[in-house]
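Trainee: What follows is a single structure, and I will ask about it in a moment.
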Amino acid sequence: MNKQTKIIGILLLVLVVMLGGVYFYQRNFFTTHFLPKTYANNTDISELTVAQAEKKMLERNKSQVYEIKEGKEVIETLPKESLGIHYDFRDDLKKAMKQQKPSRWFLDSRQKKQLILTNHNLNEQELQTQLNQLKEKLDKINEERQPAQNASIEKTEVGFEIKPEVNGTAIDTGEVMAALTKSIQAGESTLDVSHFVHQPTVKANDPKLKEKLTQLEKISNQTVSYTLSGEKIDVPKETVTSWFIYNPESQEIDIDQEATKAYLASLGQKYNTSTNPTKFKSTKRGEVTVPAGTYSWTLAVDTEAAALREDLLAGNSVNRVPAFQGSAPAGAPLIGNTYIEIDMSNQHMYFYKNGKLELETDIVSGKPTTPTPHGVFYVWDKVKDTTLRGTNDDGSKYASPVDYWMPIDWTGVGIHDSPWQPAYGGQLWETIGSHGCINTPPSLAGNLFNAVEVGTPVLVF
């Protein structure tokens, strides 16, 4: 071996020793430090210890923000720390350090490594405070924005029409708050609120909406006519139209029962014979006004309103006598051409049948202390050979046998023969008047009894 070869050998040995030293030094170094080209959440932590890497990441996170965007525009920037996000990377960094292979440092150092660390704590109270403040800001923004409105059917003065949809610009803050909470918990850094600006789901050309409009137009064109006391009452078309209700949410058509009841009540107030007096053309005194009595009717508002609703929703026009309660029919005039007329001023009674005077006679009505009630009554029963009982003015009892008895009200007043009366007519009622009944001459009482049918109106005035 010559001298030159020996020198080369020594140099190679020194180089190997040096390289070995470097290798083992680096291997030992990277047991406590991260390899080159190591990044954690986009932060370069190359050749840093766990403590150094954590410190660097925490310092970097202090400057991190959460952006609230609307499209490309940033409408709010919030420091993540203010959202209650508190990171703790130590355990994850230690775990990443253990997964390194220091013995391969010379190979792994050439490759970029990106660690994704998500270990953090969330302070719910701090987060909620920021969310409340953000919601206030979004609500203020919404004050100048338009919520989306679906196309709908609206009532006009003449019918119904489709109101076009309105595109929305308002932000659904409730959905934003929920999405933001979820996004922050997932460690994200941005949220685009434009995804929470809703648009109409029902347009003016919606087939179902058009179908409902056609249906509404059809049924709201129905006519409603009532007959009361012989008079036909045509309900104005605009009134009928106003009764229809369209619910855009359920797309259901209904009738406003309060409105129909109010209208029917107004008819009752005008036409009810149970509360309104009856004008009557008397035999001797011309037109007289007779108070309401037992022969009358009352419009049944609730019953008729329910029937009206059913008819209109079925698309049926209405032309009828409305539902009523009472002893008289509501459709015809209360007094036709068959009735008993009792003229108290003239103390005279008339019986008309089919417009022809069948019988007339003087009578004796109730005395001043027990006057005969005025009103429109009716013969509700006919009884032969009965005894009328009651109390005299002095408190004593009386019992009066009669051959013919026709009660006309519910208090015991009626028409009967009175053989005890010496005469009839004039002012006799003031001195020998009855207890309220219509005393009739026995010679005519039987004829009247046989001619009059139960249900015959009796006008006392």
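Heads up, the Cβ atoms here are built off N, Cα and C, so glycines get one too.
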Trainee: Write down the single range among 117-151, 257-291 that appears in TrEMBL as coiled coil.
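Mentor: Comparing 117-151, 257-291 with TrEMBL, coiled coil matches 117-151.
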Trainee: Same-chain residues six or more away whose CB lies under 8 A from the CB of HIS416 (active site, proton donor/acceptor)?
Mentor: LEU388, VAL402, TYR404, TRP405, MET406, CYS437, ILE438, ASN439, THR440, ALA445
Trainee: Count the Cβ atoms, other than its own, that fall within 10 Å of the Cβ of CYS437 (active site, nucleophile), considering every protein chain shown.
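Mentor: Within a 10 Å radius of the Cβ of CYS437 (active site, nucleophile) lie 27 other Cβ atoms.
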Trainee: How does the domain 'L,D-TPase catalytic' (338-461) divide up by DSSP, counting helix, then strand, then coil residues?
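Mentor: Tallied per class, the domain 'L,D-TPase catalytic' (338-461) gives 14 helix, 56 strand, 54 coil.
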